[in-house]
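Annotation comment: Swiss-Prot describes GLY35, GLY36, HIS37, ASP55, PHE79, ASP100, GLN107 as S-adenosyl-L-methionine binding site.
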Amino acid sequence: MGNELQHRTVLLDEAVESLVTRPDGIYVDGTFGRGGHSRAVLARLAPGGRLIAFDKDPRAIETAQGIEDARFSIVHDSFASMRDALAARGVEKVSGVLLDLGVSSPQVDDPARGFSFRADGPLDMRMDPTRGESAAEWLARASVQELTEVIRDYGEERFAFQIAKALVARRAESDRLGPLDTTGELAQIVGHVVKTREKGKDPATRTFQAIRIHVNQELADLQVVLDAALSLLEQGGRLVVISFHSLEDRIVKRFMQAHASAPAVDRRLPIRAVDLPSPPLKIISRQFPSEAEVAANPRARSAVMRIAERVTP
């Protein structure tokens with residue numbers, strides 16, 4: 001219960017105000033979490049409105065099942081399954097899609113989930129602990145090259161190769177030391193390699209982020225759900241995405257810009273601008289948490305919210 005109370009939804013009012021443009025529409029919350037955005041969306045919907053939420057985390061599903069509202073339903077799956085899941089429910093078009101990316105405070109603050117380097121726990125990091133390969137299982141088999149690529153590309157860590165070598169060297173000692181299966185030991189290994197210090201950031205931050213992204217296929221799933229959202233949005237429907245690190249935000253920014261721009265055409269060709277297809281999206285805005293919100297919830301500091309609207313049928 002304590003963890004539930006600690007979670008604060010970032011950009012709550014701003015996101016829901018941007019999302020809900022038609023109170024009787026069908027909306028999707030791709031990341032239910034602990035339900036902050038979903039409850040606020042339901043409060044704005046008319047009796048004929050509908051909200052379908054997604055989450056991989058079994059604890060999020062438990063929380064969602066406590067919402068007694070006929071307009072609401074929850075899907076225990078990744079938002080990457082959105083297109084098929086909505087089709088199975090007879091939904092062809094929606095009025096808005098909300099994505100609040102990253103991990104929630106209850107996930108980070110629970111050592112048993114293995115997301116945090118601040119408290120020792122099992123090295124898991126899966127959003128859904130019942131499916132897929134845990135961080136410990138992946139670390140037990142990954143090559144130096146694969147480890148380097150993941151830590152470099154998903155953590156933007158300049159010491160990726162050195163960290164990868166240290167992890168493989170530790171694995172060679174498994175017969176004597178046992179498997180590398182705790183967050184505390186992983187953080188310690190990284191700390192011994194990363195000698196430089198970024199102000200206010202633990203040396204293990206980038207490596208933990210990278211492994212979490214890899215284990216959960218976060219960036220691949222994000223690209224899938226953005227494509228799905230574009231095809232599902234009705235004319236006038238909104239796509240609202242809140243991201244918390246540069247890799248996510250870069251993907252969202254490029255996606256929105258690509259679909260809000262007219263297609264490139266060779267100027268030497270006899271094609272008029274009016275003959276080109278209209279881009280499907282219009283970028284509405286980019287927003288950041290207020291100083292007051294960041295003061296109340298420091299984890300909101302890195303949040304960026306991007307909003308786009310479908311302008312073509």
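The backbone N, Cα and C atoms fix where each Cβ goes, and this holds for glycine too.
Taking the features listed in Swiss-Prot, we show where each one sits on the structure.
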| residue | record | contacts (Cβ under 8 Å, 6+ apart) |
| --- | --- | --- |
| GLY35 | S-adenosyl-L-methionine binding site | ALA53, ALA60, THR63, ALA64, ILE67 |
| HIS37 | S-adenosyl-L-methionine binding site | THR9, LEU12, ALA15, VAL16, ASP29, THR31, LEU98, ASP100 |
| ASP55 | S-adenosyl-L-methionine binding site | THR31, PHE32, GLY33, ILE61, ALA64, ILE74, VAL75, HIS76 |
| PHE79 | S-adenosyl-L-methionine binding site | GLY30, THR31, PHE54, LEU99, ASP221, VAL225 |
| GLN107 | S-adenosyl-L-methionine binding site | ASP57, ARG113, PHE115, MET127 |
DSSP three-state assignment (helix, strand or coil) for ASP100 (S-adenosyl-L-methionine binding site): strand
Where GLY36 (S-adenosyl-L-methionine binding site) sits in the secondary structure, as DSSP reduces it to three classes: helix
Residue among the binding-site residues GLY36, ASP100 whose Cβ has the most other Cβ atoms within 10 Å: ASP100
